[in-house]
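Below is one structure; the comments refer to it alone.
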């Protein structure tokens, strides 16, 4: 009788262990599936978030991720402040004090040469070593790389302008015309140097502010883009649709 009871207890224990094991495995599998589904859900949500200019990378990566990006995003405040300070001094000299470029270059050259000349001749009397003037040589590779980059950008710009002038994309045409018109208005209010300085200051302020408040800016930009899309649809229906379009395909030569 005791053996029968013991056999019955062991059988019950085995069934219980199997049930608990199955529950544990199911819970672990469900937790694993939940863990697997969480990143996919997060990625799906992130992909649906509107980003300004369609960016899918951090702002630092968008600007190249190198030293220029560090300067624009104030990663090193001393260097960024120095660059902005030099630009401000140049603008004050040429715009407010009405200094001329050739005059400034000549005065700086005279001052530098006079200091180096006096230092070189006075070093023998004050028992100090003469100044070490570095030899400045521009490498040919650097010039070729810059020229190649400018050539590529120039060709790309010409291609875009050719496509716009062909009349195949009215949206690009309207955007370019509006942009040029806006720049012409700003150019009529200030000269080239002031305009260049304003753009330089904006490049040193807007990116770092956008990086700090990108979520709020993206949300506002999404609403603005929706409204602009609605207005453009109305403009296209009433105006652009009535303009005859250019040939979509070039005629084949016989």
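Using the three backbone atoms N, Cα and C, a Cβ is placed for every residue, glycine included.
Just so you know, TrEMBL annotations never went through curation; they're auto-generated.
Cross-referencing 63-78, 79-94, 127-142 with TrEMBL places the feature transmembrane segment at 79-94.
Range with TrEMBL annotation transmembrane segment, chosen from 40-59, 100-119, is 100-119. Confidence across the domain 'Reticulon' (68-254), taken as the mean pLDDT and rounded to a whole number, stands at 84. With a cut-off of 8 Å between Cβ atoms, the residues of this chain six or more beyond the transmembrane segment (173-203) that come close are 72, 84, 87-88, 90-91, 94-95, 164, 167, 232, 235, 240.
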